[in-house]
Amino acid sequence: MTHLSVNLNKIGLLRNSRGRDYPNVVEMAKRTLDLGAFGVTIHPRPDQRHATYKDAHDLKNLLKKYPGKELNIEGFPDKEFLNVVLEAQPDQCTLVPDDPNQLTSDHGWNIARDQDALRPVIGKLKAQGIRVVLFMDPIAENMKLAKEVGADRVELYTEEYASQYDTEERAAVLQRYQDAAQAALDAGLGVNAGHDLDLSNVEALCENGAITEVSIGHALTVEALEYGWDNVVKMYLEKLS
Ligand SMILES: CC(=O)[C@@H](O)[C@H](O)COP(=O)(O)O
Ligand SMILES: NCC(=O)COP(=O)(O)O
């Protein structure tokens, strides 16, 4: 079984588009957890275009009422982001090497280049009992270094898997992700995955059991326009069970 963490960024985007608290991110998180999701994720970006730093605190307060469920906060570890994470104390923090002006996340860490910056950040988060995840491209050779800089898990960046899923490259690409996941496990890391996963491609990625948690938001929100939020969350839970 793979845990489902629903990314609420697009709920935040809809909310921010009218300047009122509707839809309410905390209400959607509560609804999602009550449906059986393992957790919720937000990825607040410096411009707070969708998820906000206030959402981090509000969601943390909600999760206090859900023992065993988790809050995952993703983002680039700049000073403001780290202050928010250290205040909010999520269960998990996924560090993502995004520039502020990126449309969305589109690459994993270059740990060999960034290790001196990452080590103290990871140490500070872990000292607070926060599980630390590094957002990584599916390159098996890089997994040992993720462990060496102190990460607890990696999150495999799955855009390439998703974009190749409906092509004849599917099997080869999936094998590369499975090899990267196994290399992470062999290095003593847990394995998460996310970005562009959807109802059609999530099952094949997770069926060998190597992946502990997927975080899904964009496609899930779009699919909910067709099937309804509750039905879509239940559909993912069924596929990941
Ligand atoms: C790291 C990752 O893949 C997700 O957090 C993704 O970046 C969502 O961000 P947007 O919702 O801004 O696309
Ligand atoms: N880490 C991936 C995530 O949180 C959601 O990515 P997406 O499903 O919005 O592409």
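Heads up, the Cβ atoms here are built off N, Cα and C, so glycines get one too.
Automated prediction, rather than curation, is the source of TrEMBL annotations.
Keep in mind that this is a model prediction, so the values were computed, not measured.
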Candidate sharing the 1-deoxy-D-xylulose 5-phosphate site with Arg45, His50 (per TrEMBL), from Thr2, Thr94, Thr104: Thr104
Longest CA-CA distance among Asn7, Arg18, Asp196, Gly217, His218, per record bound to 3-amino-2-oxopropyl phosphate, angstrom: 26
Cβ packing number for His195 (active site, proton donor), 10 Å threshold: 25
Of Arg18, His50, Thr104, His195, recorded positions neighbouring ligand 2, Cβ under 6 A: His195
